[in-house]
Each structure stands twice: as structure tokens, then as C-alpha cells.
């Protein structure tokens, strides 16, 4: 039976929940919903040390290796473990989306909505010293935060980051180009036509040229006419030693079937109505903001169009036999089941299955309700 939440939700949002068959009482769980952290691989032996550092017990998440829950009031930003890169602040639901990809050694993975970077780091931790990860995001400042995170945790060696529109991104993974060649290490640009090892240190002239290029990219990304801007690449990402023309080879038509990515993650932009803590913040931001960002019909229509485009383009870049995970932190059918059904109707050679995560907290409609929530689908390319 539905109960009225203590949080003074506006009538428009209550109507929205009713239309989607959602219990409004779930939005009072924020005060008891745990936070989650992920330990760096091999950090299991440091649990007691981390507990002493953040002054609380870590409760292992049995179904998600490396994840632990902590009380919601615990802050980790000033802890030694966090500052030294031993733990990540990452919600379990985000980890579930990565886990569903079933990443294997040597996989070439595309994260089509990479910012702010927690899932990107988990993918790289899973791959270790094999394969590669390509991170894409349309927001440069958010992707720059990904780059900072990679450097903090020492995970950038097999990664490249592109500011690009995920609905049109077409670059293939760099298979077979992972041996570092001797082209110098002084600048993150081409040297005699070849990319040298990346470094953040650039001359004033180089920074000015890059700044002008970013302005042009920002204006042209809207209409998808500008090539992606690479803002980072690791030593063994396959970029070093390539020419620009070799790097910017696009996947056209059936080429991606053989040379595409082994795994693709599309954790799409959404209304975030499945995030309990996110909705609670509107009490401070103002409920009119909720109307504009969550309930506005035009915004929802724009989002569902974007979600289908992201899913479709991610699948286009997937090799035969590969797997794609599509997930959102929305609980609405329109942004989940409807998107997948529409996609499947347009792609006869796609097979899919949904995945469900069981938490010890209250659930509704077989969907786990946690601080960051999502529905997830695994799509496979079974082209014969």
C-alpha cells in the first residue's frame, strides 16, 4: 500500500509517479540508504586500515566484488585512503552496469557517456594490462574531470578520451597498435606526422592553438560536423606512433562488424528520477527546477530521442559477438523498456536480456531502489 512521504513532494511530481506506477514513499529512503565505495584491486587486505581511516565498518556487497557499503553520513573526500587513491566513491548501481558487461582480458571497450569517470576507472581496473578503453563525452569540462581521475588512480595507460557527440562518434578501436614506438616524449601532439607520448606540459603557443580548436569544436559538435577532440591518451592506448589519419579511421557500414568494440557501455543521460538523493536535493534547489529538469514534456521527448540515438550508435560500433549495456537512472518505462523495444524493432540482428540487481532495501516493480538507480539491458550483436 502506498504511503505519503515525509518529503513535501509537489503534486506534479506525485502525478508523475502515479502515471509510472511508482510508490512515492521510496523518496524518504535517502536518510537510510547506504553510500558505497569501491576498493582498488588487491585492496581487500587493507579493509581494517580503511575502516580506521574513515571511522566506520565496511560492509561487503556480496554480489559486487570490491564494493562495500558505508553509513550515509560518512564523508570520504578528506580520508587518507581516498586521497591516496585506494578507494573510489562509486554507487553500487553504477558498478552493476559495468559488471553486466562481463569484461574479459583483452577486450576493447567503448564508454559512450564516460563522465564523470567512475565507471571508466572500473573498466580499466577490470582490464588490467590488456585491451583498451575509449571514453567519449560531449561535455569537455566533465571529460577533463575523467582525465584527472585517471591520473589520480594511475589508470590512463590503456585509455583514450574524446570530446565528441556520442550519437555520431565513429572511431574504431585501435587493434594491434599497442607496442610503444620511439617517437619521443616531449609533447602531446604529432611529431613529424606521428603522435608522441602524451604529456600535460605544453608551450603557450600550443595551448593557444588548442584553445581556439576547442571553441570551434564546441560550436560544431552541435551539428556533428567536427571530428572528435582527443584530450588524453595513454602510453599503451595504441595512439603513440600513429598518424592522425590512422587514428581517425571511422567505422562505416559493415566494417564495425569485424573491427568494432568488444563491449560498449551506454549509461545514458536521463531525468534521474530513480536517484532518491537527487530528487531530495530539489527541496533545496526549488521544486520549479524539478518541473523543468524532470517533468517537462519537451525535455523528456528530447531525452528519449537522445537515448535511442546513443543506443543505436553504440550498437553500430559493436563487433559481431560483442555485448552492449544500456542503462539509465530513471524508473520510467519511456526511458527504459520503450527505448529498448523501439531499438530492437529497428535491429533484427540484436538479441537482448534485462538484468536485475537485488538489494536488501525496499524494491518496487522488481527494480532496486538505491541512491543511484537504474534499469539495465544487455544487447548482443548476433549478425549471421
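Every residue gets a Cβ built from N, Cα and C, even glycine.
Note that TrEMBL annotation is computational and uncurated.
According to TrEMBL, the feature domain 'SAM-dependent MTase RsmB/NOP-type' maps to 1-384.
Among the features that TrEMBL reports, S-adenosyl-L-methionine binding site is placed at 137, 165, 267.
Here TrEMBL flags 329 as active site, nucleophile.
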Rounded inter-Cα distance in Å - residue 267 (S-adenosyl-L-methionine binding site), residue 329 (active site, nucleophile)
8
Give the maximum pairwise CA distance in Å, whole number, for the residues 137, 165, 267 listed as binding S-adenosyl-L-methionine.
14
Alpha-carbon spacing, residue 165 (S-adenosyl-L-methionine binding site) to residue 329 (active site, nucleophile), which is rounded to whole Å:
20
Can you tell me how far the Cα of residue 137 (S-adenosyl-L-methionine binding site) sits from the Cα of residue 329 (active site, nucleophile), in Å?
17
Looking at the binding-site residues 137, 165, 267, which sits with the largest number of other Cβ atoms within 10 Å of its Cβ?
137
